[in-house]
Amino acid sequence: MSAIMRIHAREVLDSRGNPTIQIEVESEYGYGSAMVPSGASTGEKEAKELRDKGTKYEKNWYGGKGVQTAVDNVNNIIAPKIEGYDVLDQRAIDYEMIKLDGTEFKEKLGANAILGVSLAVAKAAADELNIPLYRYVGGTNGFKLPVPMLNVINGGEHASNTVDFQEFLIMPIGAKTFKEAMQVANKVFHNLKDLLASQGHSTAVGDEGGFAPDLKSHEEVLDFIVSAIKKAGYEPSKKGDKAVAIAIDAASSELFDKKSKTYTFKKLKKAILTKQPGFENLGKVKVEYSSDELVEYFKDLFKKYPIISLEDGFSEHDWDAFTKLNNSVGATHQIMGDDLVTTNPKFIKKAIETKAINSVLIKLNQIGTLSETMDAIEMAHKAGMTCVVSHRSGETEDTTIADLAVALNTGQIKTGSISRTDRVAKYNRLLVIEEELGIVASYEGIQVFHNLKVK
């Protein structure tokens, strides 16, 4: 047994300049540190991060967004309870914190407080054993490098532009190694920048490092991406050695009106109504959709473009629409739930029963402990679903999710573009892991979609 000797929390800053929490854990022979990210578009069923609004710390940071209350909870409540535990007893530690909080969504102590301790404990254990985190969590079975979903154009809550869908991503599925996938991404990203600039569009980037131009439709976004893939010397396709496929995170909960049960492309609508330059003659463009109309809209996009994955195509309250689309195209396309299931086995179980999705996005801070995250992945995998480990829009230089993507054999990772250090840090970590694994390293490419018949 190697006891945990010290747990300490502090406030640090995330990639948006907002406070977040950092946890340090020291055992007799090991040390681990973890920083917790936060999201901009969040599911209602996520575990709750604790912020300082309404507390005595409210004025410490802009908008009451400090996390000193969560820091206090770690230092004064969690630490005294967990110090003395064997650092290798991950699940017992996680369960003890869940019990200590006592609420379904961890709103008492804060999911940010609990997750930070959970991850720092795992990293301290790995350090104690003198092995990397992916080896500690995954054992000898952690050898698959994930296919990256690389954000190339930001919209929605992640950018101040006219694009309503939150993320447009590329997937280098024809690559043979993770390093080659990064080389593909590098070429497509910079060719996209050149194409945007050549047509007078902004090449400033959004929260996750993708470009954030004012474009007139989602189709125009996709046309630019297809052109960039071709200009880089690859094929916008779902098959072949040169294939680069496209993925979309629509984040449609942000577009949904609960009363009317309709979806509105709000940013495009505003640009048209205010006659933003270039949008003056778009008055007849459709900006409002019923659930059924949005199902057909996505199916039409799937026919026109090499899209292989769609995340949160509908609101987290619109389960029927998810099921309808999945029943229609789920055999050939990855239909992924984020806000719908929030990395929670309770909601993943419902998604399995209703056949709403065939893939689960995995965000550790949606559920709040490493053990529960592993349970969510196991449940999804047993049901034949794919899983994608994901960052959040408010990130840090912490690279834990890179190790976990390998350790847990998810096969896919979504962690932003190849700009902004908070995003690139994860890719750099994966490049190191691939080199460490040597000849046993595996990059599956298109084969990662084991549950699809890709056409």
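Placed from the backbone N, Cα and C atoms, the Cβ positions cover glycine too.
According to Swiss-Prot:
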| type | residues | note |
| --- | --- | --- |
| BINDING | Gln166, Lys363, Arg392, Ser393, Lys414 | (2R)-2-phosphoglycerate binding site |
| ACT_SITE | Glu208 | active site, proton donor |
| BINDING | Asp249, Glu311, Asp338 | Mg(2+) binding site |
| ACT_SITE | Lys363 | active site, proton acceptor |
Using Cα positions only, nearest of the binding-site residues to Glu311 (Mg(2+) binding site) (Gln166, Lys363, Ser393): Gln166
Recorded positions near Asp249 (Mg(2+) binding site), in sequence order, restricted to Gln166, Glu208, Lys363, Arg392, Ser393 and a 10 Å Cα cut-off: Gln166
Greatest C-beta neighbour count within 10 angstroms, which of the binding-site residues Gln166, Ser393: Gln166
Cβ-Cβ neighbours of Glu311 (Mg(2+) binding site) (radius 10 Å): 28
Inter-residue C-alpha distance, Glu208 (active site, proton donor) and Ser393 ((2R)-2-phosphoglycerate binding site) (nearest angstrom): 6
Largest tally of Cβ atoms lying within 10 Å of a Cβ, found at which of the binding-site residues Lys363, Arg392, Lys414: Lys414
Glu208, Asp249 as recorded positions, winner by CB count within 10 A: Glu208
Env. residues of Mg(2+) site, Cβ within 8 Å of mean position of Asp249, Glu311, Asp338 Cβ: Gln166, Glu167, Ala250, Ala251, Leu310, Asp312, Met336, Gly337, Asp339, Leu361, Ser390, Lys414
Cβ neighbour count within 10 Å of Asp338 (Mg(2+) binding site): 30
Greatest inter-residue Cα distance in Å for the (2R)-2-phosphoglycerate-binding set Gln166, Lys363, Arg392, Ser393, Lys414: 16
Asp338 (Mg(2+) binding site) versus Ser393 ((2R)-2-phosphoglycerate binding site) - Cα distance in angstrom: 14
Inter-residue C-alpha distance, Asp338 (Mg(2+) binding site) and Gln166 ((2R)-2-phosphoglycerate binding site) (nearest angstrom): 13
